[in-house]
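Asker: Here it is: the structure, laid out below.
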Amino acid sequence: MGFPKEGEKVQIHSYKHNGSIHRMWEETTILKGTQSLVIGANDRTVVTESDGRTWVTREPAICYFHANYWFNVIGMLREEGVYYYCNLSSPFAYDSEALKYIDYDLDIKVYPDMTYTLLDEDEYEKHSQIMQYPPVIDTILKRNVAHLTQWIHQRKGPFAPDFVDMWYERYLMYRN
């Protein structure tokens, strides 16, 4: 597996455990790309759902993917502050087609005051049965929910106070 290069524009593909496509983001600019970490940004990019419907993101977003963690984080810059959407997912993979991961349904929404809500537990339970997630997936995801909430409390990684603003400034250099 290679990794995307700084300044490169890539697609992001989200899959389900059974291999079906879940969602695709048309264009994300890579701000940092290594074997273990990818940071990207997009703004008003087209998103295609599995049923073919499309929509456009409303605000600039900084995307954080790590090869050692079972989650990715999207920091969305809004007037009221930075909101985060955290997807519990497989670590990312990258090939010539796109940056890819498997979405495992659970999400954490983090508000500008750093309070958060765990979302879609019912969807996770349903898909766990339908797609027959192995027990090890449940163990890994629970461990990563704990890890992610610890990062939120500690304002670590993508939740650090200046993280999103710093990477957004870098993104603006590529847009001009």
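The backbone N, Cα and C atoms fix where each Cβ goes, and this holds for glycine too.
Pasting the feature list from Swiss-Prot:
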ACT_SITE  ARG23  active site, proton donor
BINDING   ASN87, ASP103, ASP107  Mg(2+) 1 binding site
BINDING   ASP105, ASP107, ASP120, GLU123  Mg(2+) 2 binding site
Asker: Reported as an integer number of Å, what is the Cα distance between the residue listed as 'active site, proton donor' and ASP103 (Mg(2+) 1 binding site)?
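Answerer: On Cα coordinates alone, these residues lie 9 Å apart.
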Asker: Quick one: Cα separation, ASP105 (Mg(2+) 2 binding site) versus ASN87 (Mg(2+) 1 binding site), in Å?
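Answerer: Here the two Cα atoms lie 7 Å apart.
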Asker: If one measures from the C-alpha of ASP103 (Mg(2+) 1 binding site) to the C-alpha of GLU123 (Mg(2+) 2 binding site), what distance in angstrom results, rounded to a whole number?
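Answerer: About 11 Å separates the two Cα atoms.
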Asker: What does DSSP assign ASP103 (Mg(2+) 1 binding site), in three states?
Answerer: strand
Asker: Round to the nearest Å and give the CA-to-CA distance linking ASP107 (Mg(2+) 1 binding site) with ASP120 (Mg(2+) 2 binding site).
Answerer: 6
Asker: Within a 10 Å radius of its Cβ, which of these binding-site residues (ASP103, ASP105, ASP120, GLU123) has the fewest neighbouring Cβ atoms?
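Answerer: Counting other Cβ atoms within 10 Å of each of the binding-site residues ASP103, ASP105, ASP120, GLU123 gives the minimum at GLU123.
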Asker: Give the number of CB atoms, excluding that of ARG23 (active site, proton donor) itself, located within 10 Å of its CB.
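Answerer: A 10 Å sphere around the Cβ of ARG23 (active site, proton donor) contains 15 other Cβ atoms.
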Asker: Enter the number of other CB atoms within 10 angstroms of the CB of ASN87 (Mg(2+) 1 binding site).
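Answerer: Around the Cβ of ASN87 (Mg(2+) 1 binding site), 23 other Cβ atoms lie within 10 Å.
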Asker: Any idea what the Cα distance is from ASP120 (Mg(2+) 2 binding site) over to ASN87 (Mg(2+) 1 binding site), rounded to a whole Å?
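Answerer: Taking the Cα atoms only, ASP120 (Mg(2+) 2 binding site) lies 10 Å from ASN87 (Mg(2+) 1 binding site).
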Asker: Provide the number of Cβ atoms within 10 Å of the Cβ of ASP107 (Mg(2+) 1 binding site), excluding the reference atom itself.
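Answerer: Other Cβ atoms within 10 Å of ASP107 (Mg(2+) 1 binding site): 19.
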